[in-house]
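I have placed the structure first, in the form of structure tokens, so that the comments after it can refer back to it.
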Protein chains: 2
Amino acid sequence: QGTRDHPPAQAALRERLLSAVVSCFKRHGAAAIDTPVLELRETLMGKYGEDTKLIYELQDQGGELLALRYDLTVPFARYLAMNKVTTMKRYHVAKVYRRDNPATSRGRYREFYQCDFDIAGQFDPMIPDAECLKIVHEILSDLQLGDFLIKVNDRRILNGVFAVCGVPESKFIPACSTVDKLDKVPWEDVRSEMVGEKGLSPEAADGIGEYVQLHGGLELIERLLQDPKLSQNKLAKEGLGDMKLLFEYLTLFGITGKISFDLSLARGLDYYTGVIFEAVLLQQENEHVEEPLSVGSVAGGGRYDGLVGMFDPKGRKVPCVGVSIGIERIFSILEQRLEASGKKLRTTETQVLVATPQKHLLAARLKLISELWDAGVKAEMLYKKDPKLLKQLQYCEAMGIPLAAIVGEQELADGVVKLRDVATREEVRM
Amino acid sequence: QGTRDHPPAQAALRERLLSAVVSCFKRHGAAAIDTPVLELRETLMGKYGEDTKLIYELQDQGGELLALRYDLTVPFARYLAMNKVTTMKRYHVAKVYRRDNPATSRGRYREFYQCDFDIAGQFDPMIPDAECLKIVHEILSDLQLGDFLIKVNDRRILNGVFAVCGVPESKFIPACSTVDKLDKVPWEDVRSEMVGEKGLSPEAADGIGEYVQLHGGLELIERLLQDPKLSQNKLAKEGLGDMKLLFEYLTLFGITGKISFDLSLARGLDYYTGVIFEAVLLQQENEHVEEPLSVGSVAGGGRYDGLVGMFDPKGRKVPCVGVSIGIERIFSILEQRLEASGKKLRTTETQVLVATPQKHLLAARLKLISELWDAGVKAEMLYKKDPKLLKQLQYCEAMGIPLAAIVGEQELADGVVKLRDVATREEVRM
């Protein structure tokens, strides 16, 4: 349940998609690493908050207690700590596992690919963070998924907002997860969850509401830096200062047009400590809609400066920032688009079919195809002693093979091969 | 235990190795498929004989009872049956899981890659089988692993041998697994296991011994086809006839020089029904050794015509033949060889480092690198506001980055970039 086989057409589309993402990661100088699908259970415990219950555990068959990885970030942090690596730019494309309620039509599975790019190390502020956003921008542009928006916020700014609105620190995390729902439900509902379920005072909720409904660019950052309440909060000030720096760098990259500083962005995971971001695709239903409709998150990430230290016996920290591309949702979109276009993706790369027009020529086919393979040519033949020429040409058409190399008795006698362009039926003897 | 992280140097070597194998599979017109790491437990039960105890099972957390796949062949057969696919040429490169005793120095792990190529479908005899052997030959030649030998046998011939030597059919499988040890221990030990542990009569064992110590080529096949006992056995005769056909095709491919028809080859798995084969690397200790020393199997496979039927409710059979490349052992060999050579493999593909020779030029670097990325150039910069030029050039040397694009005050004023070849120190302004 919640898993799927990928038949050739899907596997081919997925390969193209993953290779586009990986080539962007390589363009930014990342090295690949690989970690086991299995992790010690204790490695995963206490990292995912409430979602810990979604971890697949292995049966105790003697030996270590194991679980399937839930994401690629925790294994990366474990890897850095275990190997005492303090600087690294890496990507990792691999499957992760979650015992979630699958919603396969929306691309939500229990086994799915993650494509992560992370930069670990102590550097000058916001330079790696800006690169992560540049990567999201490049990938979403390259894939031509349509218009998109990258929302950016900072956990320190959010916590500052909670603090100046009078929320006690113990309620920062619940308040945060409530704010996170603002992209799906209106403020009134978020407010009533804050006051009801989460036990915030109505005044605090109203105060938060004034901030978290704000979004904009540099001018909003400047305004909040002058905000009489927020500017008094140390964390918020730090976060806003870094946000300003980030926008300067994004301006140099020329991508601020698709970036929105959005105070409602919270992100679910506990381990973020600074900048957080999330990319959403926008759907313009028609030209007259004022607010473009969001069709869901396709990338996300942020800074997590404390996670590696959780795996180090001495608690030594390695600051990290990273991005995860939501490849499954993008895959669903591309698949639907391909289906709607009526186009078929080739599932093989065969360049030429070796064919014979008469009987008793299997030996000639085997000799020729062997020469082609040895010369690096992608070649196929039908696994029949005496196939009909028509069947052989139909196979080319069905599989999209552009050329047929035909050896008949005449060609054998003349020491040539007849090369036929399957689509145009043009033939040359060579 | 028995798993490992792949740091960048290993991941880069593995990527090269896998891409060499996959490009051979694609050259032969195979399509990719992907199946989940998780399979239903019942799918895996009864397929691996004694090795069933090595299967990793998942904890019962409610819902289906799951296990981690043990190989890629059973999931492929399950896929074919489930989707009623009767013809397919596919490859699959993915990790499999075995709770075996790890021997990591010899490349034996509990989580490891398999690279499989299989041809499913009803075809004229031995054409797909010959292609599988051609693939093994191509891959082992491409990878330049040194001299190798591909041993070939047929389960029908082995069973015929057992039958004509008076072994009861119930003891074919135990006799087969004893014969399989002939590549590691001398015939005397195999014989005593047959007579002792497996309860064969001494006469039967001696009879088997006369056959299974034979190996050769076409002339041996011809001789056995005339063998007074063996030629009376229907199965053996079929197997020998197909073996003769196989050798004809392999002769057309020009690869019989590395193929040995070896009656001691048995292979462990239960599901083989026809041709079986295994490739071993040969180590010529010195010129005067007469028999080359085998350093272990690096590829294997065979025909399994009954496996798909086990997953079909009506038992409909789909004949299959396939090969699995022992990528982990090859990886170990290449890794040791690389280490011995003292060479370092690049872990990234970065073409150019964007560098500045003076302070306060971060903005210039960010602008230039952004242009390079947008133009598809693989580029990096140090994540520091004001790095020293020497540090930047040292980074190029450490990472093998061939070029540095330098923008200083003078270059900015002139509207040019200074491109420096890191190795030769040659510079051009452009």
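Note that Cβ sites are derived from N, Cα and C of the backbone, with glycine treated the same way.
In TrEMBL, annotation is done automatically, which means it is predicted and not curated.
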Annotated companion of A:D71, A:L72, A:T73, A:Q114, A:D118, A:R267, A:Y271, A:Y272 at the L-histidine site, TrEMBL, chosen from A:R41, A:R98, A:R99, A:R106: A:R98
Least Cβ-crowded entry, counting other Cβ within 10 Å, from the binding-site residues listed as A:D71, A:Y272: A:D71
Integer mean pLDDT for the domain 'Aminoacyl-transfer RNA synthetases class-II family profile' (A:1-357): 93
For the binding-site residues A:T73, A:Q114, the one whose C-beta sees the most other C-beta atoms within 10 angstroms: A:T73
Cβ packing number for A:R267 (L-histidine binding site), 10 Å threshold: 22
Coarse DSSP state, helix versus strand versus coil, of A:Y272 (L-histidine binding site): coil
Site extent for L-histidine (largest Cα pair distance over A:D71, A:L72, A:T73, A:R98, A:Q114, A:D118, A:R267, A:Y271, A:Y272, Å): 21
